Structures are given as C-alpha cells and as structure tokens.
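Report on the following structure.
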Amino acid sequence: MSTLTSVSGFPRIGQNRELKKIIEGYWKGANDLAAVKATAAELRAKHWKLQQAAGIDLIPSNDFSYYDQMLDTAILLNVIPQRYARLSFDNQEDTLFAMARGYQGDKGDVTALPMKKWFTTNYHYLVPEVESAAEIKLNSTKPFDEFNEAKALGIDTKPVFIGPYTFLKLARTPEATELELDKGLVNAVAAVYVEVLAKFNELGAAWVQLDEPYLVLDKEPGDVELFKTLYTKILSAKGNVKVLLNTYFGHIADVYETVNLLGFDGIGLDLNEGREENLEAVAKYGVASNTTIFAGVINGRNIWRNNYATSLGLVDALKQVTANVAVSTASSLLHVPFSTEGETGIPAEDLKHFAFAVQKLDELKEVAALADATEDEKKASAALAANQALFDGTRVAADPAVAERIGKLSDADYVRQPAREERQALQREALGLPLLPTTTIGSFPQTKEIRAERAKLRKGEVTKEAYDEFIKAQIDAVIKKQEEIGLDVLVHGEFERNDMVEYFGQNLNGFLFTKNAWVQSYGTRCVKPPIVWGDVSRANPITVEWSAYAQSKTDHVMKGMLTGPVTILNWSWPREDITHEEQTKQLALAIRDEVLDLEAAGIKVIQIDEAALREKLPLRKSDWHVKYLDWAVPAFRLVHSAVKPTTQIHTHMCYSEFNDIIRDIDAMDADVISFEASRGDLVVLDAIHDAHFETEAGPGVYDIHSPRIPSEKEIEDRIYEILDKMDVKKVWINPDCGLKTRGNAETWPSLENLVAAAKAVRAKLDK
C-alpha cells in the first residue's frame, strides 16, 4: 500500500489575491455579497482541483475563510457576543465582518474583537469571546456545505477544524478561572464537535482533521485533563469517521503518551519545529496499533525547497516504530505564497531553490513516492538526484567584509551611554515637548493615487525625478495637516515605501524580491516578504534624504522612521544555511549605519520599529532566552548604541502578549516605546506598572485596524486608564499602529479627536 499524502490547509486568498479584492470591494459597496460568494466558490474549486491533480490523497476542506478560521469556529459554536448579535444583520457574513472589523453605522457602533498573533507566525487571529450567557450550539452549515461542494466536483475531502482544546485555550472566557474552565462550557463545546462528526458520518467523510496547535505549548495545571475530557467524549462518538489530531509549530513530547492512548486514528507531528522531541516520544512510547502517524516533513512556514534526503530519514525513523506512516505538510500552507509560477524577476537558477504552496504539493507527492521506493529505485531516482543537487555545494558566496565587521564587535557596542534616566532628562530639555506628547506611529494612508504613481515609476511611465517631486508634495501636505491638528512629534508619512520590510530589503545587499508572493496577515491584509538570499549590508543611505527633507519643512520635531533588524528578519523569508542570530547581526549593523546618518542629518527622534519582536518568541518558556531573547534584544541595542544622549530612540511593537517579556523589552534600552494595545483592553498597563517599566511608553489609544472613528471622550477615557498605571511624565499619546491601510476619511477625524483628548487631559492636570 502506497504512503498516504495529506495537506493540512491551503492558502485561501487566491493566486492574484482575488479574495482580498472582492471582499474589499464589498466593504466599499462596489459589489454585492453574491459576488463575494461566487469568487470564493471559484477559488475553493480551483484549489481543490490543484491538489487533486497533484495526487494528494487527503485534501482539506473548511480551511477556507472570509477572514479567519478562529472566527469561523466561534460562529460555528455560536460564540457571538450580544453586542454583535444585536446588530441583527440578515446574513452571517456581515456579523462575521463586524466581529472582525468593528461596525459603525445605522445599526449601531461596536468595536472589533481583540486580535492576536497566531503562535509564532505573522498571521493574526480574532480572539473569541465567550459570554457567560452564551448558548453553545451548532450554528453554521459552512463545513458541510464546502464538503458537499467538493464532492459535487468529484473530490472527497478531509474537513479541517480548529480543535476544541485550542479554541477554549485561546478564547476569552471571563467567567472561567485560569486553572479550570467551566465544565458546562467544556461539555457544550464537546457536544458540538460530536454533532459535527455525526453529520460527517452521514455525509460519508472518511477523515476529519482537528487542529490542536495549543498542545505544543507548556501545560498549565488542568490542561491535560481538559484535553482528555474533550476527546474522550468526541472520540467515543466518532462512528466511522477517522479523526486526525493535527499538531504543529512545536513538539508534543510531554503529552504524546496520553494522546497515543486516546484512540485517535491519526496523529500529526511537526517534524520541522518539533523534530527531535517528537521522534524521541514516538520511539519511547510507540504508536497505537490503529493509529497512523502523519509525518509533517514539508515545512508550511518557509519557501525553501525541501531536502528529500532529510525527509526520507525522518520517515524511516518513524517506520522503525510503526508501519502506519503518512506524509504531510508540517502545518497549513496558509503561511506561504501560492506559486513560484510567474516569478520571472528571479533568475531561474535561483528560483529552483524555492517551493511555494503549489510546489510543496509536488514535493509532498515525491517524498511519499520515494518513501515507498526500494534502495535501488532511490539511487536511480532523477527526482532525488535533482533535489540533492540543490543542497550540494555553495548556493551564494559569503561577503568577507560583513564577516569581518561582525568579528570586530565588542561588548561595548551593545551598550548605550549614559544611563536612560540621565538621557531622558537631557532629551526633555532638548526637545521641549509638552506633557503627554502626541505623535503617530509613522505611516499615513497610501491612497490609490500614491500606489498608481509608484506603479508608473515601476513601469517606466514617469521619471524618478517626477516621482520624487510627487512624493515631496505628499510629504508637504501631510506635514501641514499634522501641524494644523496640533500633533507634537511629526512624521513624513512613508509615502515612498511600499512595505516597511520590503522597502528596506530593496535598499540592502543580500535580498531577493518576488512579484506576487503574497501571504495573508489578517483578514484581507496581505504581505509580500522579501527573501534573505545572501549576506546583508547597506550600500547607501536609505531614508535620510526623505527625513531630512521633511525636517526642513517644519519647525516641529520630525521623527525618522526605520524598521529594526529582528522585524526585518521575522517578516522576511530567512536563510536556512546560517542561524537567525547571525542574520540579525548583519541586519543590525546595516540599520545602525542608517541611524547614525539620520542623526548626522539633524533628526533628533528616530523610531526603530520592532513590530515583530514578540512573535518569534519560542512557544516553550524554557527556550525564550537561550534560543531567542539572548540575541534578539542585544541586536536592537547594537542598532542604537552609538547615538548621542540627546537623540531620542523610539520603538514600536505590534499585536502581541507583552506582559511576560516586559523586562526584556525594557532591556532593549529604547527611550520611548509605543505598543499596539487597544484591542487587548490595555492589559499591558498592569505589566508596565508591576515591572516598574523605565522606558517611556505610548500604549495605543485607539484601534487603527478598524474603520470606526473613536470619539474624543473615548480616547480621553483611555488616557485616564493609562494614567492610573503609569507616571504621567512617561506617557505618550498615539494610535495603535501605522495608518497606511486606513483611509483619510477616518484617519484625520480620529487624530483630531486624539489631539483634542490629550489637550483636554493636559488642561485638567494643569488645574
């Protein structure tokens, strides 16, 4: 019998971001919901047929979503807070969008659900909110409709769900204690999954996949018992459906013995990020006789080609324990671009080193075929030989100048002088800012006109000189508008930048760029990460000309805007032939050069965004420092350690759980940090207070990911919440994040309310 192949999930935005475009058109009133549904159905059919043509045995369904799979699960379970239910939309999609984006209109005014990073990825999920009065019940036909959709095309699929354990651990359950979820809630959730399996029994599904990535985290008291309670109920009622427990982003060695005894038909193990521990657990505890191990050998989180010899070695190691081994993607392919097809900007000799989602289907099938081959057949295999050739020899030559510069670094290069308290006093005097200074995070809306002008430059339809004049006009206008509404520290708007990471990559040595390698970040927001191809260095100044021009146009303090080294790496496709630490040092030195040039050009405030610092923190607490923070935090210090005491260094961080690393963030030794905080109900304030946080801070006072406009009173209330926990002298007032993806129609009224709120609070404090 040939080795089964299984795909955990497939990208849903479409090869050309069709889903993004049709949904955003619906939000703007350019098309109706029927058009959205038609495009979605076309994409699903295309993606199923692609996987069928590639010969994949277990093709996923229900991995499609209009916005987010956790949000879909909340709706499936009827976990819809009353504030959204009361909007009384006549379709489930508009309720979903209101939960994801907030709503402000004739039906009411509600903020969006909180949004957080999905484990260590750059994907964001909506945090479900389980109200005490929630009636947990099966509330959606989506999984069954999509299964039948595929069946009508002649394709049998494997329905995929976020599992109940992960859902409950990630949901906000206000009435539950930290250690023990309400048993009524647990039983109700389990009952819905039982009902789901019963329906798939009726529909004739062979397999159902339940994703439980939360299993790879450290366990709290009661976690294992919760998992057992849920799955004892679910598996006892599974009927003829085979249940695949799928785990990813780490290992489950600490619970593998328990999982193995529960009676799952399949257990999916990540053999990229949890390789050694998972293999050791399987070797130690064996595999139940009726269980198939799904070996996650095809990495769902990178774009480099799979090393077949390595994958075959992993499959062979499992086959020493059990004959029941399938090969699978290590996680959903949601986190990689669609296809390398059409990437003509990358030389063919380089492109052959990459595999996007479509190419990973072929890799999966080839690994499965080779796993079934005899040793003689492997030796004769052209596919195996061609694959091995990619890993033999040197892919790219090293840059000796980069290595030499890193080799000369000393401990002093990672320490800024004088101490922060002394610097803060000097900076207050030098900058002359008021109490509760107001600023923005950096970017302003990139209108259709700006994007069109950039496209013209790319196509050679306008000269570089004409484009630069256009950008200068945008900068002039945004400076004037910021001055008019009364912001204290201004920014130039970043109109020259397509993306905060790609822009820097395009101006550094060592990067490759794609035309269409988009991946979903949240909802319809997509990103196109650059590829770290070789050693990184800065050839010329990148931002200095624009920042210096902007400063020349105002007497206000102008903030220089940079992306930090950890974020550039975390939001790029990193190399696999050298460590992340080494790549980050290279980037830190390149950005350090830019910081010093900005300072020399008269820029007194420089923001070095580390938006993605938290997201790559290892999932196991014991790994936090030794595998990440011990080099990530010093890399940031290396960037700014040589500036003058009067130069104020800012940083910014995006949606994350900051509380547990708040002291490490303080150790970055920035002068000011802004947090994305409003969707997290400002819980970071308690951590700042309890840690005696020394860095000045601006927890975001309104959510920029929602189109709604916060009132002056709403922002004023937020400021007082902040002042309850922070020293007023250390508080900055700013939005949650950059404003690039917002429209001018909501941006300026929101900022006017922000400035008015800050002034109102200042006035009351002065009395």
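Keep in mind that glycine also has a Cβ here, set from the backbone N, Cα and C atoms.
What you see is a predicted model, and the numbers here were worked out from it, not measured in a lab.
Features as listed in Swiss-Prot:
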type     : residues                                                           : note
ACT_SITE : His705                                                             : active site, proton donor
BINDING  : Arg17, Glu18, Leu19, Lys20, Lys117, Arg525, Cys526, Trp571, Glu615 : 5-methyltetrahydropteroyltri-L-glutamate binding site
BINDING  : Ile441, Gly442, Ser443, Glu494, Asp609                             : L-homocysteine binding site
BINDING  : Ile441, Gly442, Ser443, Glu494, Asp609                             : L-methionine binding site
BINDING  : His652, Cys654, Glu676, Cys737                                     : Zn(2+) binding site
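Swiss-Prot feature annotations superimposed on the structure.
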{"residue": "Arg17", "record": "5-methyltetrahydropteroyltri-L-glutamate binding site", "Cβ within 10 Å": "17"}
{"residue": "Gly442", "record": "L-homocysteine binding site", "Cβ within 10 Å": "26"}
{"residue": "Cys526", "record": "5-methyltetrahydropteroyltri-L-glutamate binding site", "Cβ within 10 Å": "16"}
{"residue": "Asp609", "record": "L-homocysteine binding site", "Cβ within 10 Å": "25"}
{"residue": "Glu615", "record": "5-methyltetrahydropteroyltri-L-glutamate binding site", "Cβ within 10 Å": "24"}
{"residue": "His652", "record": "Zn(2+) binding site", "Cβ within 10 Å": "28"}
{"residue": "Cys654", "record": "Zn(2+) binding site", "Cβ within 10 Å": "23"}
{"residue": "Glu676", "record": "Zn(2+) binding site", "Cβ within 10 Å": "25"}
{"residue": "His705", "record": "active site, proton donor", "Cβ within 10 Å": "21"}
{"residue": "Cys737", "record": "Zn(2+) binding site", "Cβ within 10 Å": "26"}
Using the alpha carbons only, what distance in Å do you get between Arg17 (5-methyltetrahydropteroyltri-L-glutamate binding site) and His705 (active site, proton donor) once rounded? 19
Among the binding-site residues listed as Lys117, Ser443, Glu494, Asp609, Glu615, Cys737, within 10 angstroms of His705 (active site, proton donor) by C-alpha we get Cys737
If you draw a 10 Å sphere around the Cβ of Ser443 (L-homocysteine binding site), how many other Cβ atoms fall inside it, taking every protein chain shown into account? 21
Just checking: which of Lys117, Ser443, Glu494, Cys526, Glu615 have a Cα that is within 10 Å of the Cα of His652 (Zn(2+) binding site), counting only these binding-site residues? none
Using a Cβ-Cβ cut-off under 8 angstroms and a sequence gap of six or more, which residues of the chain neighbour Glu494 (L-homocysteine binding site)? Gly442, Ser443, Phe444, Met500, Met561, Gly738, Lys740
Ranked by how many other Cβ atoms lie within 10 Å of their Cβ, the binding-site residues Leu19, Ile441 are led by Ile441
Cβ neighbour count (within 10 Å, all chains shown) around Lys117 (5-methyltetrahydropteroyltri-L-glutamate binding site): 21
Length of the line joining the Cα atoms of Cys737 (Zn(2+) binding site) and Ile441 (L-homocysteine binding site), in Å: 6
Subset of binding-site residues (Leu19, Ile441, Cys526) lying within 10 A of Cys654 (Zn(2+) binding site), CA to CA, in sequence order: none
Pairwise Cα distance for Leu19 (5-methyltetrahydropteroyltri-L-glutamate binding site)/Glu676 (Zn(2+) binding site) [Å, integer]: 27
If H, G and I count as helix, E and B as strand, and all else as coil, what does DSSP give for Glu494 (L-homocysteine binding site)? coil
Between Ile441 (L-homocysteine binding site) and Cys526 (5-methyltetrahydropteroyltri-L-glutamate binding site), how many Å separate their Cα atoms? 20
Separation of alpha carbons, Glu615 (5-methyltetrahydropteroyltri-L-glutamate binding site) and Glu676 (Zn(2+) binding site) (Å): 13
Could you check which of the binding-site residues (Lys117, Cys526, Glu615) sits closest to Asp609 (L-homocysteine binding site), going Cα to Cα? Glu615
